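*Asks:* As listed in Swiss-Prot for this protein:
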- 33-119: repeat 'Solcar 1' (REPEAT)
- 35-55: transmembrane segment (TRANSMEM)
- 91-111: transmembrane segment (TRANSMEM)
- 131-216: repeat 'Solcar 2' (REPEAT)
- 137-154: transmembrane segment (TRANSMEM)
- 191-208: transmembrane segment (TRANSMEM)
- 226-314: repeat 'Solcar 3' (REPEAT)
- 232-252: transmembrane segment (TRANSMEM)
- 295-315: transmembrane segment (TRANSMEM)
Amino acid sequence: MGNVVQERQGALAQGEVLPRPAASQSEGFKQGRSVLNSLVSGAFAGAVAKTAVAPLDRTKIIFQVSSNRFSAKEAYRLIYRTYLKDGFFSLWRGNSATMVRVIPYAAIQFCAHEQYKGILGKYYGFQGKALPPVPRLLAGSLAGTTAAIITYPLDMVRARMAVTPKEMYSNIMDVFVRISREEGLKTLYRGFTPTILGVVPYAGLSFFTYETLKKTHAEKTGRAHPFPYERLVFGACAGLIGQSASYPLDVVRRRMQTAGVTGHTYSTVLGTMREIVAEEGIVRGLYKGLSMNWVKGPIAVGISFMTFDLTQILLRKFQLL
């Protein structure tokens, strides 16, 4: 026994790294696999959801960045004219840029949410259980903020591609290069402040609503796992509440992002808000396109949450085989 202890001490003195205990290795492997599952599930969820509503999203952005009055009839006319002029797939123009941004954004957001839930659960003594309301709201806000900070330039590029003719920019890299060269690198973060101000309530309320509805459902029905259509409905409610709360800041963000190609000189959040209200009014300016968002948003968020949950469940089942 004494010889074994001396051998281990001698090995440590020579700088040799002793093997980690099997339990510690297993725990680290499980944690890494959990993070990977969240990243993959989040990326897939974001891609499916955004592709499903891409034509509506593009139409909404075009109205947001112009002073033209919005109506469902005008939105339909714009979609139809685009289809006649440029073809069916032109309705998905800018979707490649959307995917470049949405896949990492959704992956980071969903993964960060799982991590923040664990951290806050441990801090508040609710590890492995549903979080209380305030930490539940905080976890969502932190997750959205983390994802927005990391992926914001991609959102800027996506907005530019959505509102410009296809002849103006040939591909995503062309947008990056030309914005950097012609307008400066700082332009890639134009509109960042209203984005963060909007993400905090949007992500917080979206995740909070979805998690709360799942918790209430489990308590009322005794089923820990809702059916897919129930997850879709919970996600749709979450999207409706989250997007309605943050919508004016979304309009401000789009105006600031596309200022370089629309002829305006929006520079600050308050200045942009004042100009929009002065020219178009509060409802027709800051809430332009909200009715379309009430269609698009719940569908996208519902699909996103449902896809994330079901993909995670599927991945866990495969790992048990």
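Glycine is treated like the rest: Cβ placed from N, Cα and C.
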*Asks:* Which stretch, 35-55, 137-154, 191-208, 232-252, 295-315, tops the Cβ pairs under 8 Å count with the transmembrane segment (91-111)?
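*Replies:* Comparing 35-55, 137-154, 191-208, 232-252, 295-315 against the transmembrane segment (91-111), the winner is 35-55.
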*Asks:* Where does the mean pLDDT land for the repeat 'Solcar 1' (33-119)?
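*Replies:* Average per-residue pLDDT within the repeat 'Solcar 1' (33-119): 86.
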*Asks:* From the DSSP assignment alone, can you count helix, strand and coil residues within the repeat 'Solcar 1' (33-119)?
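*Replies:* Across the repeat 'Solcar 1' (33-119), DSSP assigns the residues as follows: 77 helix, 0 strand, 10 coil.
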